[in-house]
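I have a structure I would like to understand better, so I am pasting it below and will then ask my questions one at a time.
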């Protein structure tokens, strides 16, 4: 059964259409994004709840309630508090490399299943935590789950999607991240009102809901044709799956490209060593630069610590959580817009436009906080509302650009022989700098004060120039033909244009 969009057999394209089978499979896989987003949203909310702070972080609670001399910017400065948030990401970083081995040897589906199961266990442990050790260990298990899911899900979406609509389908991962974060903020807003101070337990334990859906759903997910060819020699089975995925019997051209790519990949014994070869230099650079730049936009400052940031400006807990909900709605809306237009206007246009929006809004927020927010007084309501609007504009810029495209571009640029390794490097870099930003932000806020927004604004300017000069357009091009964009690029062609793909031979071996 097909639903609507057909793909014509133009040069560089394959026959096929978007089928309901693909849509349902990708919707289920995208639950991996929901669990990631839920965790991002929930951690910032519970760390602003006074009963949670009183139980696990009494030093921060005392400082917030009783120390009238401490600066607004330093009330939440605690390495233990930031470890609660960022421990998940160091666990995810380590896990992503193990996930690569599972994804390559057994397929995308087992990694998604393992991610859901680990996240389910972490949610149960977090909701039942009675001490800080139990709480942190629960976060580590969540990190294992996110490490598996973030490694496998973007690959799954890109491989299942028809090339013409790969951007829209892959962007559903970031859209799902936004849904998860918004759901977390809504739950935090309700649970912080529960009398008795145990609402944070519901917030942490509710992560089990999307984790259960992903775990059970993964049991019924089909494997991608790319993975079937990579993990077995049964090309007939892969052809039948490809016909079902594309909604047509005429899939021989795409199947031939998949088999050819797989033959090349089988000559690669160590993809991590091969990805650093000169001929893969563009992909290797992008596997590091794209996730690094995504994190130094400063978005996770907003995602993790929005309630704390708004409390720093003088808002109460309910107003702070409500403000985080508003920014979450904006993020989802703009990511949906990105899904609709990314395959029409292209990746480069959205990244440059989004970067410009984020740069201007961050500098403006920094200027307001530098001139209007002192160390002990809060912003008046007018300026607090203006800052909220500017942060929403910033989130909109991220939601239409670096949010979804930071996951899309790494998942579509690697040839099959280094794909799992490249995706693991990308996910690991993402987790590493998420950890670094998460672990250092509250301390940076204390020392930089309003300058934190100028710091991230500088990085946004740098990454926008990087995209303009060094990132070629990837829209509508099949994954297995992606090498042509590097051979035609003004800078990268000197690394790849003289290399010929050879089956059975590795350069430099």
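Quick reminder: no glycine exception, Cβ is built from N, Cα and C everywhere.
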Can you check which of 349-370, 481-502 TrEMBL lists as transmembrane segment?
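It is 349-370 that TrEMBL describes as transmembrane segment.
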Give the nonlocal contacts of the transmembrane segment (88-106) in its own chain as ranges (CB under 8 Å, at least six residues past its ends).
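For the transmembrane segment (88-106), the far contacts come to 39, 43, 114-115, 139-144, 146-148, 150-152, 155, 227, 230-231, 271, 420-421, 423-424, 427-428, 431-432, 434-435, 438.
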Give residue numbers and ranges for long-range contacts of the transmembrane segment (451-471): same chain, 6 or more residues beyond its ends, CB-CB under 8 A.
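Those are 285-286, 289, 293, 296-298, 301, 347-348, 351-352, 355-356, 358-359, 362-363, 365-366, 369-370, 402, 409, 441, 444-445, 489, 491-492, in sequence order.
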If you average per-residue pLDDT over the domain 'Major facilitator superfamily (MFS) profile' (25-475), what number do you get?
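Taking every residue in the domain 'Major facilitator superfamily (MFS) profile' (25-475) and averaging pLDDT yields 85.
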